[in-house]
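All remarks here apply to the structure that follows.
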């Protein structure tokens, strides 16, 4: 449409043409994943809180990760489920901007925490005698606060830049929730400031974090290769496997979604919706599973809880 709306009351969430009859079962599947995500992340928070031996920087960072995943999934999935189950496709303009801010800022905070966890692994492996002195509980708490402030300050301008823009009469998004690129594409005005700032924010947060994480693992790998035997090398590097898997679970969907937005304008709606849901749900579901499987202390505590419950 050639017309524009200076103050849209709502946006329309995307649906998959031809699959409206399958919405109920899609919602059941998403709800199952959401339950797994909430249960797993709450279990991580409970276990670390109640187990004194886990009161260490590595597990405090893991708690931060679990809390972020809970907030991220809860800010999106219930709204998606109401769309699929009750066909409430419209989301108000204000609610859309708030959801967009939460998704991007929480993702930025998660990226910062993943970087902090990489630094923790680097110090533990390359400077083990100084680890306790460098990463104290107070330093860990400050890192968490800096990560939160960084995510909020860098991504708060995104909804503010969109707020004064006029929007086209077509208000249909390409995802089941609100993302900055998606909402911005509906604006009937010059979006260059929003495009430039969004790119700068992504590069200075997720882009910089990914480079520093890679650098941390290059240094870790160099330290591991200096060890005498392959058995020692594998034992030391195995402590990083869970974190590497979590990093991949976060950055691969993020990159995939960015590629779809940049080059996939002609792709089927199913691709956009699927990539969006993968970006939101995969990290929140797999993170507690990965750490539950790879971390012996958490695994042992879970098995003890199951044993006590069965008795």
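Cβ atoms here come from the backbone N, Cα and C positions, even for glycine.
All TrEMBL annotations are machine predictions without curation.
Between the listed ranges 59-85, 167-193, TrEMBL ties the annotation transmembrane segment to 59-85. Long-range neighbours of the transmembrane segment (195-220) within the same chain, counting only residues 6 or more positions beyond its ends whose Cβ lies under 8 Å from a Cβ of the stretch, are 104, 107-108, 111-112, 114-115, 118-119, 121-122, 125-126, 150-151, 154-155, 157-158, 161, 180-181, 184, 237, 240, 244, 247, 251, 254, 258.
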